[in-house]
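> Residues annotated as domain 'Glutamyl/glutaminyl-tRNA synthetase class Ib catalytic' in TrEMBL: 4-108, 179-278.
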Amino acid sequence: MTFTTRFAPSPTGPLHLGHAYSALLAHDLTRASGGRFLLRIDDIDQSRARPQWEAQLQDDLHWLGISWDAPPRRQSEHFKDYSDALDKLRAVGLIFECQCTRRDIETAANAPQEGVPEFGPDGRIYPGTCRELGLPPAATTCSRLNIARACAAGLPAEFSETGPRHLGLHKLAAGDLLQSVGDVVLSRREMAASYHLSVVIDDAACGVTHVIRGEDLFEATRIHVLLQSLLGLPTPVYHHHALIRDEQGKRLAKRDDARAISTFRAQGATPQDIRRMVGL
Ligand code: GLU
């Protein structure tokens with residue numbers, strides 16, 4: 001199988017040094033292995049995605065010396081793929097509809113139990129309020145994965161990690177998923193699919209064999225691997241790299257314009273300067 005990886009930015013702001021590091025690392029590894037490098041535009045959140053950010057990020061990537069081996073895939077052009085996958089999971093009883101607002105979840109989760117995590121990869125762990133209500137989709141705010149049933153149907157499952165911090169084989173454990181992930185959102189009324197569902201469908205559709213991305217997404221990988229197992233999709237090898245942080249040790253955010261690649265470009269930096277700044 002040809003080594004195939006991708007860089008998957010969301011066009012919701014400028015590319016910054018953290019993105020440049022991720023893209024250059026993935027691109028370098030691909031070119032060294034004779035593989036395929038893909039660009040995916042993660043514009044599932046249409047309320048925040050903007051074409052001008054996509055144009056700018058493509059321009060910045062080209063300037064950095066990065067080229068992709070197929071036309072970019074845009075999530076906004078594949079909504080049907082996501083709803084088909086959701087229907088498939090719904091048909092086997094793994095989805096429930098939820099009408100909770102953020103505030104409902106806060107209120108229901110008010111009495112934390114000692115030793116039980118309150119937060120997972122998506123924020124506060126869902127307390128299960130709507131799980132057994134059998135609500136019809138039309139009246140609700142989102143569709144959630146019933147994690148207990150999903151574990152019963154999808155495990156055993158495992159993934160290989162080649163990143164420095166979590167190197168090795170990771171077996172998914174039902175107890176861990178139940179306690180520290182919970183019933184994750186797979187689709188919202190205003191968004192065709194959550195990040196978790198779309199990323200799993202996209203990576204499989206593009207034949208991605210290696211996912212190279214920031215360490216902040218390591219915890220979410222369990223959800224992706226479980227979904228792959230449930231949907232009969234292959235599990236890629238994962239490589240979560242360290243994050244580029246600012247002088248105070250805080251991770252760079254998209255709104256951090258001071259570290260935007262376009263700002264460095266305007267100040268006369270070269271692609272080699274950017275490589276030096278991110279340690280490549
Ligand atoms: N669009 C995601 C992000 O910018 C990429 C996620 C991924 O690489 O899986 O964080």
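Positions of Cβ are set from backbone N, Cα and C atoms, glycine also.
Unlike curated records, TrEMBL annotations are generated automatically.
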> Can you break down the domain 'Glutamyl/glutaminyl-tRNA synthetase class Ib catalytic' (4-108) into helix, strand and coil residue counts using DSSP?
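The domain 'Glutamyl/glutaminyl-tRNA synthetase class Ib catalytic' (4-108) comes out at 54 helix, 17 strand, 34 coil.
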> Report the DSSP secondary-structure composition of the domain 'Glutamyl/glutaminyl-tRNA synthetase class Ib catalytic' (179-278) as helix, strand and coil residue counts.
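Split by secondary structure, the domain 'Glutamyl/glutaminyl-tRNA synthetase class Ib catalytic' (179-278) comes out as 44 helix, 18 strand, 38 coil.
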